[in-house]
Amino acid sequence: MERLFISDLHLSDSAPDLCLAFEHFIADHCSDIDELYILGDLVDAWIGDDDDSLFAQQMCATLKSIVDSGCELFLMQGNRDFLLGRNFAQAVGATLLPDAHVLQLAGERALLMHGDSLCTDDSEYQEFRAQVRSEAWQKNLLEQPLDQRRALARQLRDMSQAANQVKADDIMDVNDAEVDRVMTGYDVTVLIHGHTHRPARHPLPDLKERIVLGDWHSDRPVWVCRANDATIEFLHLPLRTA
């Protein structure tokens, strides 16, 4: 069983080169894998599964092509696409994972997360996360017209970028104590996540490890994780737009 783990693509209609790079990535690196896991922030903003934009239709077609090729697809919500739901997953033939998902990799119990919930030092963001992840807030938002949701998505993205510019770098990274608490709670030896845009393979005490997936840029390679029944690899794979 060959599995590939990626995250933080941040695809959007304003970044056609990145969308093209993802399509080439599928052709170049997914033809020999059995399962592809996208651990959040597939897109830069998702306004609901009823989005009728050309970009949403293209995303649906691209992901469906992965499934149609015989590769199982697993999606996880991130901080930018927290409204990505089961209807979209069903439409493309994917499985929508919960915020935390455990599976066996190379004989180890591994935990998959987006990673934003681990950044507990950023209390302002955690308050925002609790709000937008609440069922009542999402229900109210999804009742709004699409144009209104698009405007709110742009506003939230701009607010997030402005806030991050003035925050200390360390509070936007994971909290080590929270990582230990979560890994202990799920009884795992491997944690794979994204979100922080700080790709690395961190050895932890007691032969545990934390693997941080990379964010995507069309002009440089991306850090991904590939695993099978024998090994877990952290790979720097090239992206191309032609």
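Placement of Cβ uses the backbone N, Cα and C atoms for every residue, glycine included.
As recorded in TrEMBL, the features of this protein are as follows:
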type: BINDING; residues: D8, H10, D41, H197; note: Mn(2+) 1 binding site
type: BINDING; residues: D41, N79, H114, H195; note: Mn(2+) 2 binding site
type: BINDING; residues: N79, R80, D122, S160, N164, K167, H195; note: substrate binding site
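Recorded features from TrEMBL, shown on the structure.
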{"residue": "D8", "record": "Mn(2+) 1 binding site", "contacts (Cβ under 8 Å, 6+ apart)": "G40, D41, G78, G194, H195, H197, L213, G214, D215, W216"}
{"residue": "H10", "record": "Mn(2+) 1 binding site", "contacts (Cβ under 8 Å, 6+ apart)": "L18, D41, V43, D44, R80, D215, W216"}
{"residue": "N79", "record": "Mn(2+) 2 binding site", "contacts (Cβ under 8 Å, 6+ apart)": "G40, D41, H114, D116, R129, S160, H195"}
{"residue": "K167", "record": "substrate binding site", "contacts (Cβ under 8 Å, 6+ apart)": "D122"}
Cβ neighbour count (10 Å, all chains) around H114 (Mn(2+) 2 binding site) is 26
Span of N79, R80, D122, S160, N164, K167, H195 as binders of substrate, largest Cα separation rounded to whole Å, comes out at 18
S160 (substrate binding site) falls, by DSSP collapsed to helix, strand or coil, into helix
Among the binding-site residues D41, D122, the one whose Cβ has the most other Cβ atoms within 10 Å is D41
Mapped onto three states, the DSSP assignment of H10 (Mn(2+) 1 binding site) reads coil
The correct three-state DSSP answer for H114 (Mn(2+) 2 binding site) is coil
